[in-house]
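Quick notes on the structure that follows.
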Amino acid sequence: MTRVAIIGAGPSGLAQLRAFQSAGKKGAAIPELVCFEKQSDWGGLWNYTWRTGVDEYGEPVHGSMYRYLWSNGPKECLEFADYSFEEHFGRPIPSYPPRAVLHDYIMGRVEKSDVRKFVRFSTVVRWIDFDETTQLFTVTVKDLKKDELYSETFDYVVVASGHFSTPNVPHFPGIEVFPGRVLHAHDFRDANEFVGKNLLVVGSSYSAEDIASQCYKYGAKSITFSYRSKPLNFDWPECFTVKPLLTKLTGKTAHFKDGSEAVVDAVLLCTGYLHHFPFLADNLRLKTNNRLYPAGLYKGIFWQDNPKLIYLGMQDQYFTFNMFDAQAWYARDVILGRIKLPAAEERQADIDHWRGLEEKLETAFDGIDFQTEYMRDLIPATDYPMFDLDKVAALFKEWEEDKVKSIMGYRDNSYVSIMTGNKAPPHHTKWMEALDDSFDAFQNRPEAAAE
């Protein structure tokens, strides 16, 4: 029997399990599936942990989630085509839920699908290589609870371990003797740590935007952004300052490229993450920066040099959960023989075509349109339910404009579900005033949650 190893039981790995389960439910013979998950439960990054650095087994902590995290994009853009929020919760819910609510939604679909039996928890992958003679992968893993190494062979390997768990940590002169707190966003857990503090946030992408907003919400005294390539051009509150690149630190004084200075109590590095796959042999390892179309992946999924190796969710993302689904359904159908991959030359031509389109992108709207077309390329080849991609793209653009109008208030907006046609109700509490991010507090008005 064909054997498939899936590395990681986060959103991408769970999408792959769900794709096979869906085919099996319709009568298809599916391969033997083994999903290796380092954590003790599934959910990937959406699992919150208080731990930073290493876990209880001495393994690098995977999670980058923090307390009080709310979705920074409309839930309507990430909704599963085969499992709506309304189906899960029994009614429409607001457009910007907190982490616990999104986690519950993700878990709802896979629990209903009965795919937990395929997952080996607390099992970390140590090494994967490929034998050209047998055409099999050898996957060596460690059972963390038993402290035992073992190896198994597989016909296909699906790498679904994500690329937001290994921090990119630049060095700035003087940072090693800075007298305050220095941390990467990967280790950020609680905005209350910075109440009354002057915070320097290095970076200008989504994590910088979100963590800075949260620290302001919970009482930081001031926030200074330092950007390398482009600033976060929003209408920030008065206590925010935007500076060019940090050049050095002397004591508590931060020095910037334009010669200006700021006195800060803490430095938060929102400097991104690395695509890091130390468990893969060099000839199998994806090496890329965070971009919309990584080199070497046919359809953004199949390793060009060996298409029996599959990568899910390795792109920079506008679409998330439903894009992982589109990729997983496509990968499934290749494994099942429903889709025949073309020869290497044709695959490379397709990669070059998409990379050429990516090189021409100039704006966020261009990126949204690019990924929309990517989705349109994948979904019709499978039985994943098609949905109105143009409406999702329009909603992404509306979201971008909403942030420009009110970076602190955009989460109070409501949108129409592309999957059901129903509009989300407003949340009972404005985001700036919603200090409790628990599942119960979100689902119930404050007085009800307190009872």
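Yeah, the Cβs are placed from backbone N, Cα and C, and that goes for glycine too.
Going through R51, R91, R228 against Swiss-Prot, the one listed in the NADP(+) site together with W70, N72, S204, S205, S207, R411 turns out to be R228. Record check: Swiss-Prot places S12, E37, Q39, L45, W46, H62, N72, Q317, T320 at the FAD site, and the matching candidate among V125, V264, V267 is V125. Within the set W70, N72, S204, S205, S207, R228, R411 that the record links to NADP(+), no two Cα atoms are more than 27 Å apart, and one pair reaches that distance. Between the farthest pair of Cα atoms in the FAD binding residues (S12, E37, Q39, L45, W46, H62, N72, V125, Q317, T320), the distance is 31 Å. According to DSSP, W46 (FAD binding site) sits within a helical segment. Spatially close to S205 (NADP(+) binding site) yet at least six residues away along the chain are C270, G272, judged by Cβ distances under 8 angstroms. The Cβ of S204 (NADP(+) binding site) lies under 8 Å from the Cβ of F225, Y227, R228, S229, K230, P231, L232, C270, each of which sits 6+ residues away along the same chain. A simple Cβ count within 10 Å picks out one of the binding-site residues S12, Q39, N72, S207, Q317 as the most packed, and that one is S12.
Under DSSP, S207 (NADP(+) binding site) is assigned to a helix (H, G or I) in the three-state scheme. In the three-state DSSP assignment, the secondary structure recorded for W70 (NADP(+) binding site) is strand.
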